[in-house]
Amino acid sequence: MGCVQSFRNFCDRPKNTNVRISLPAVCFVWQIAMIILFGVFIRYNEEADTHWVEYRKKENISSDIENDFYFRYPSFQDVHVMIFVGFGFLMTFLKRYSFGAVGFNFLIAAFGLQWALLMQGWFHSLDYTDGKIKIGIENLINADFCVAGCLIAYGAVLGKVSPVQLMVLTLFGITLFAVEEYIILNLIHARDAGGSMVIHTFGGYYGLSISWMLYRPNLEQSSNLQGSVYQSDVFAMIGTLFLWMFWPSFNSAITDHGDGQHRAAINTYLALASTVLTTVAISSLFQKHGKLDMVHIQNSTLAGGVAVGTAAEFMLMPYGSLIVGFCCGIISTLGYIYLTPFMEKYLKIQDTCGIHNLHAMPGLIGGIVGAITAAAATESVYGKEGLVNTFDFVGPFKNMVPTTQGGHQAAGLCVAICFGIGGGIMVGCILRLPIWCDPADDNCFNDEPYWELPEEEEIIPPILHYNNHMVNKDV
């Protein structure tokens, strides 16, 4: 007990937010490390290399149009916008933390995608003949997916950590993501086209576990900044709309060409539409005088896209997608109303953006839906070849049957949860050390410690409880 108390006392020393040495050092050293590692390991794959002409002749490819770039790049554009614009602006709801929301999102995404190309490359794209990682357009999409898990985790600690801590969070988050992704997709052989398990469940519980480890008992000292103003909510809604519009591309980006990709886009499109209506209904129903809460519209309207991710390429059927979206809109909105304050009060989890309701819970639902849909698959619905193609029943898995695949899907979900919680606790212990220049409790949710701000400041109105973005909250 004495050692534990000594560690706590060491971690609770006075805060110093001056990152003039630590942030440049981390950025320079890690970027130089990326340059060296890329020089040693990373090369273009055959479709991006100048030897494409020879490869085309060898494989009897008739036209450059058959290069994977032309199939994947539109989806890559959409996913890239989601990562840098969608996630960034979604987190600008805090009245005095918009620079940090967009700027630090930009920073960790730019670093994370480089590290992700290496980590995922070592697991998936390593050419054992020459020891090089061969990258193409699909690797760029997967790197963005990898980064998404860390951006989700950032939402739980938004406004409470320093940029140096975020870089550390991203370094470990990308590493853990690459390992759990390899275990789930390659060893367990689960299917997860839209990343309900691999991205959202992992990222959600990774962030929540870190937030639990970094619990601040005196965070109410910054309560006047822990909310939104009219303009900041409008900017956050821009992020919502970008995410909502491009989510079908997110869930279908790396599925097989043809029917799988087509089906994934349709299922996501319908689930998202259904979620909007139930979110509005529940938000109005549970608010006094039936007024809508902007936090629900910004976040819960996206939950259907998260939940349909795993089963997006399965024969979920259009009505099934609507049902998934319908349920997620209800569960996510009720989570913001009841679960977020409960978790802060009783579980000591301070979830700034409510990622438990937007990512973690819908990710769990998505994993369960995927397991049930896979187990219920039949040859009469999919066709013999369609069943093999959809679930990749080839090679060592050629004798698998749908019921077994359902069990593998459930196992993949458990792995994602374990990696998220276990990894988050481990990284949270590291981030508790008083060497990262994080803000004091009375200086959270504020851009001032890390950004040069305009001289004229708006008058800050009195604010809110938890993260529900409202000045006067009557429930």
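Quick reminder: no glycine exception, Cβ is built from N, Cα and C everywhere.
Marked as N-linked glycosylation site by Swiss-Prot: Asn60. Asn60 (N-linked glycosylation site) falls within neither a helix nor a strand when secondary structure is assigned with DSSP, and so counts as coil.
The average pLDDT the prediction assigns to the topological domain 'Cytoplasmic' (1-20) is 66. According to Swiss-Prot, the feature topological domain 'Cytoplasmic' maps to 1-20 (among others).
Under the heading topological domain 'Extracellular', Swiss-Prot lists 42-73 (among others). When Cβ-Cβ distances below 8 Å are used as the criterion, the topological domain 'Extracellular' (42-73) is approached by residues 117-118, 121, 125, 132-139, 141, 253, 257 of the same chain, each at least six residues removed from its ends.
Taken from Swiss-Prot, the feature topological domain 'Cytoplasmic' applies to 95-98 (among others). Same-chain residues lying 6 or more positions outside the topological domain 'Cytoplasmic' (95-98) and placing a CB less than 8 Å from one of its CB atoms are 158-159, 225, 227-229, 232, 235, 445-448, 460, 463.
Taken from Swiss-Prot, the feature topological domain 'Extracellular' applies to 120-138 (among others). Only residues 6 or more beyond the boundaries of the topological domain 'Extracellular' (120-138), in the same chain, are considered here, and those with a CB under 8 A from a CB of the stretch are 41-48, 68-69, 72-73, 76, 146, 178-179, 181-182, 186, 254.
With a cut-off of 8 Å between Cβ atoms, the residues of this chain six or more beyond the topological domain 'Cytoplasmic' (160-167) that come close are 17, 19, 22-23, 26-27, 30, 104, 107-108, 111, 154, 211, 214, 216, 219, 350, 352, 431, 436-439, 444-445, 449-450. Taken from Swiss-Prot, the feature topological domain 'Cytoplasmic' applies to 160-167 (among others), supported by sequence analysis.
Counting residues 6+ beyond its ends, the topological domain 'Extracellular' (189-193) has Cβ neighbours under 8 Å at 251-252, 254-255, 260, 264, 309-310, 312-314, 370, 374, 390-392, 397, 400, 405, 408-409, 411-413 in the same chain. Residues or ranges marked as topological domain 'Extracellular' by Swiss-Prot: 189-193 (among others).
The annotation topological domain 'Cytoplasmic' is assigned in Swiss-Prot to 215-233 (among others) on the grounds of sequence analysis.
Here Swiss-Prot flags 255-265 (among others) as topological domain 'Extracellular'.
According to Swiss-Prot, the feature topological domain 'Cytoplasmic' maps to 287-299 (among others).
Here Swiss-Prot flags 343-357 (among others) as topological domain 'Cytoplasmic'. Taking Cβ pairs closer than 8 Å, the topological domain 'Cytoplasmic' (343-357) reaches residues 90-91, 94, 152-153, 155-160, 203-204, 207-208, 211-212, 215-216, 219, 226, 295, 299-300, 303, 331-333, 335-336, 445, 466-467 in its own chain, all 6 or more past its ends.
Look at Swiss-Prot and you will find 379-410 (among others) tagged as topological domain 'Extracellular', backed by sequence analysis. With helix defined as DSSP H, G or I and strand as E or B, the topological domain 'Extracellular' (379-410) counts 24 helix, 0 strand, 8 coil.
The feature topological domain 'Cytoplasmic' is assigned by Swiss-Prot to 432-475 (among others).
Using a Cβ-Cβ cut-off under 8 Å and counting only residues 6 or more beyond its ends in the same chain, the transmembrane segment (21-41) has close neighbours at 111, 114-115, 117-118, 121-122, 131-133, 162-164, 167, 171, 435-437. What Swiss-Prot lists as transmembrane segment is 21-41 (among others), and the listing cites sequence analysis.
Remote same-chain partners of the transmembrane segment (74-94), defined as residues 6 or more beyond its termini with a Cβ less than 8 Å from a stretch Cβ, comprise 101-102, 105-106, 109, 137, 140-141, 144-145, 147-148, 151, 154-155, 158-159, 225-228, 232-233, 235-236, 238-240, 242-243, 246-247, 249-250, 252-253, 295, 298-299, 352-353, 445, 469. Taken from Swiss-Prot, the feature transmembrane segment applies to 74-94 (among others).
Residues of the same chain lying 6 or more positions beyond the ends of the transmembrane segment (99-119) and with a Cβ under 8 Å from any Cβ of it are 27, 30-31, 34, 37-38, 41-42, 83-84, 87-89, 91-92, 133, 135, 139-140, 142-144, 146-147, 150-151, 154, 158-159, 163, 166-167, 169-171, 173-175, 177-178, 447, 450-451, 453. The transmembrane segment annotation in Swiss-Prot covers 99-119 (among others) and is backed by sequence analysis.
Mapped onto DSSP classes, the topological domain 'Extracellular' (120-138) shows 8 helix, 6 strand, 5 coil. With a cut-off of 8 Å between Cβ atoms, the residues of this chain six or more beyond the transmembrane segment (358-378) that come close are 152, 155, 190-192, 194, 196-197, 199-205, 208, 299-300, 302-304, 306-311, 314-316, 320, 324, 327-328, 331-332, 335, 387, 390-391, 402-403, 405-410, 412-413, 416-417.
The transmembrane segment (322-342) makes contact with the transmembrane segment (266-286), as judged by at least three Cβ pairs under 8 Å among residues 6 or more apart in sequence.
In the shown protein chains, 6 other C-beta atoms lie within 10 A of the C-beta of Asn60 (N-linked glycosylation site).
Using a Cβ-Cβ cut-off under 8 Å and counting only residues 6 or more beyond its ends in the same chain, the transmembrane segment (411-431) has close neighbours at 153, 161, 165, 168-169, 172-173, 176, 179-180, 183-185, 188, 190, 192, 197-198, 201-214, 363-364, 367-368, 370-371, 438.
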